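As written in Swiss-Prot, here are the features:
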- Cys168: active site, acyl-thioester intermediate (ACT_SITE)
- Arg70, Gly71, Gly72, Gln73, Val74, Thr75, Tyr76, His77, Ser137, Leu138, Gly139, Gly150, Leu151, Ala152: substrate binding site (BINDING)
- 31-206: domain 'BPL/LPL catalytic' (DOMAIN)
- Lys134: site 'Lowers pKa of active site Cys' (SITE)
Amino acid sequence: MSHVLGFRELGRMDYEPVWHAMQRFTNERGTSAEDEIWLVEHPPVFTQGQAGKAEHLLLPGDIPVVQVDRGGQVTYHGPGQLVAYLLLDVRKLGFGVRDLVSRMEACLIELLASYGVTAAAKPDAPGVYVDGAKIASLGLRIRHGCSFHGLALNVDMDLAPFRRINPCGYAGLAMTQLSDHATPIKFAEVSARLRAQLVKHLDYAEQTTLTGGID
């Protein structure tokens, strides 16, 4: 396994093509395939996980709802939110699912600390929280020992659509974002800091930017 973790910077892309691409990547990767992390922003979309219940979709309105194959309940993605899809061979890395989730949470907590924001994880509700409000969501799927889906960090976005759902299945869960706690915020800088933290917490030595498309 390489000691270099590859990142793809996808910019802003619709959710479904990226989801289908990560499914293909996971289904077709061989034992020699290198791990990748895809960084992306999505146009407004609700995604409903495998445990999702219809009653948690309160008033989706004109925002599309996509039923997906990750764990967890419903969440929202939109512009100003940094999404990282972790396409990892967790068998080679030697991580259990709980260990991987803990590493993802630690990565986010340290990133937020670099902006002077104190955040914490909750043992019974995966994700990262600031003063009880959720700032980052996690959702994974493991197939053939490899992960896909990942994490979403609210950076500087319109949080109003979260009020149209029970985020992650919790009625009335308060949501927050980095720009509410630290200014000024540059999205590209947050992305760079996230990359560095993922390299550290996934036990890689270096990172590189991958070129080419995902389809």
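Glycine is no exception: its Cβ is also placed from the backbone N, Cα and C atoms.
Overlay of Swiss-Prot feature records on the structure.
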| residue | record | DSSP class |
| --- | --- | --- |
| Arg70 | substrate binding site | coil |
| Tyr76 | substrate binding site | strand |
| Lys134 | site 'Lowers pKa of active site Cys' | strand |
| Gly139 | substrate binding site | strand |
| Leu151 | substrate binding site | strand |
| Cys168 | active site, acyl-thioester intermediate | helix |
Response to the item:
Looking at the recorded positions Arg70, Lys134, the one with the fewest other Cβ atoms inside 10 Å is Arg70
Discussion item. I'd like the Cβ neighbour count for Cys168 (active site, acyl-thioester intermediate), meaning other Cβ atoms within 10 Å of its Cβ, all protein chains included.
Written reply: 23
Fill in: Cβ contacts of Ser137 (substrate binding site) (under 8 Å, same chain, 6 or more positions away)
Gly72, Thr75, Pro126, Gly127, Leu151, Ala152, Pro167, Cys168
Fill in: CB contacts for Val74 (substrate binding site) [other CB atoms within 10 A, all chains]
26
Practice prompt. Please work out the mean pLDDT for the residues of the domain 'BPL/LPL catalytic' (31-206).
Written response: 94
Worksheet item: When a 10 Å sphere is centred on the Cβ of Leu151 (substrate binding site), how many other Cβ atoms does it contain?
Response: 25
Worksheet item: Reported as an integer number of Å, what is the Cα distance between Arg70 (substrate binding site) and Lys134 (site 'Lowers pKa of active site Cys')?
Response: 19
